[in-house]
Amino acid sequence: MKLQPIKLPEKLEPFRGVIFFAVILMVANFFWKYNILGDEAANLNSSVTFWGWDISAPFTYAARNVAHACEFALNTIGWDVKLKPDNSISHPNGRSVLIIWACTGLKQAYIFFCIIAFYRGPWKKKLWYIPLGLCVVYLFNIFRISFIIAAIKNHPDWFAFLHEYAFKYIFYGIIFLMWVFWEEKIAPRKESDKSKTESTNN
């Protein structure tokens with residue numbers, strides 16, 4: 001049994017892809033927000049639960065991994081930073097950034113996975129595009145946190161703007177661009193499907 005495509009009003013048809021992208025994004029974000037509950041305490045061992053089950057372990061592991069990767073990246077390009085036992089990365093002048101469960105990029109990775117997994121396109125291509133996209137998410141998260149750590153050495157007042165606004169929206173912008181690439185280049189509609197849509201509109 002073949003599922004029939006969802007019909008949209010004619011005026012909205014040109015925006016079908018963007019609408020579905022936005023819907024999947026909002027549903028995935030809503031599910032995460034109200035089901036993945038994390039302790040707001042600012043420490044590495046914050047508790048994270050899913051429907052009452054403790055799922056802190058993978059978040060703790062990811063937070064440590066991100067911290068080590070950021071320390072390595074910054075020291076490699078000449079910054080003198082040190083990773084402390086509490087998972088904070090500090091400068092010689094004492095300014096530091098604590099990396100906790102919410103800094104892992106796992107939420108963004110989950111949202112990207114949902115967008116591609118539930119959007120149209122052949123699964124054979126999804127099986128390689130999703131892992132590739134997750135690598136992009138991981139690498140950008142390392143860049144994001146490393147940039148913030150570097151910036152607060154001389155500009156500690158930049159932290160809130162970079163963390164809460166600038167990189168937050170840039171992150172979602174990158175996810176959007178990866179979806180656009182999927183939509184336009186990886187999973188284009190067959191000519192037969194396009195002709196059906198055109199004939200319907202006419």
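Placement of Cβ uses the backbone N, Cα and C atoms for every residue, glycine included.
Cβ atoms under 8 Å from those of the transmembrane segment (12-32) belong to residues 107, 110-111, 114-115, 118-120, 172, 175-176, 179, 183, 197, 201 of the same chain, restricted to positions at least 6 beyond its ends. Here TrEMBL flags 12-32 (among others) as transmembrane segment.
The transmembrane segment annotation in TrEMBL covers 98-120 (among others). Here the transmembrane segment (98-120) has long-range neighbours at 20-21, 24-25, 27-29, 32, 36, 38, 42-44, 46, 48, 56, 58-60, 62-63, 66-67, 70, 86-89, 126, 129-130, 133-134, 137-138, 140-141, 145, 171-172, 175, 178-179, 182-183, 187, meaning same-chain residues at least 6 beyond its ends whose C-beta is under 8 angstroms from one of its own.
The annotation transmembrane segment is assigned in TrEMBL to 127-152 (among others).
Under the heading transmembrane segment, TrEMBL lists 158-182 (among others).
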